[in-house]
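Feature annotations, reproduced from Swiss-Prot:
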BINDING   Glu29, Glu59, His62  Fe cation 2 binding site
BINDING   Glu29, Glu59, His62  Fe cation 1 binding site
COMPBIAS  103-114  compositional bias 'Gly residues'
REGION    86-114  region 'Cargo-loading peptide'
REGION    94-114  region 'Disordered'
Amino acid sequence: MADQYHEPVSELTGKDRDFVRALNSLKEEIEAVAWYHQRVVTTKDETVRKILEHNRDEEMEHAAMLLEWLRRNMPGWDEALRTYLFTDKPITEIEEETSGGSENTGGDLGIRKL
């Protein structure tokens, strides 16, 4: 457990440790998506493929839940996600356009526009 911290645990608040837990879990979920996806695209058995697709998609849901928790709780995530998600703008040009900020999307992340 100590290897997940780069600073003394005693100097971290409970909330900071929750951030570490969520971030580590997010990394694990993303890794699981990658593993399942590789299995999906290489299996020859259709039934196995469908099961693995289901498992991969479940991991995506878990990752999305963790991102939402981070957005609501850890400073910086809300602004970053509002800036870069749910837009058709070229990803590499968004930061230049916003100068590090983001426009007000009315609290829906622009989803209603989809």
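Each residue, glycine too, has its Cβ placed from N, Cα and C.
Counting other Cβ atoms within 10 Å of each Cβ, the lowest count among the binding-site residues Glu29, Glu59, His62 belongs to His62. The Fe cation 1 site is set by Glu29, Glu59, His62; from the centre of their CB atoms, other residues of the chain with a CB within 8 Å are Glu28, Ile30, Ala32, Val33, Glu58, Met60, Glu61, Ala63, Leu66.
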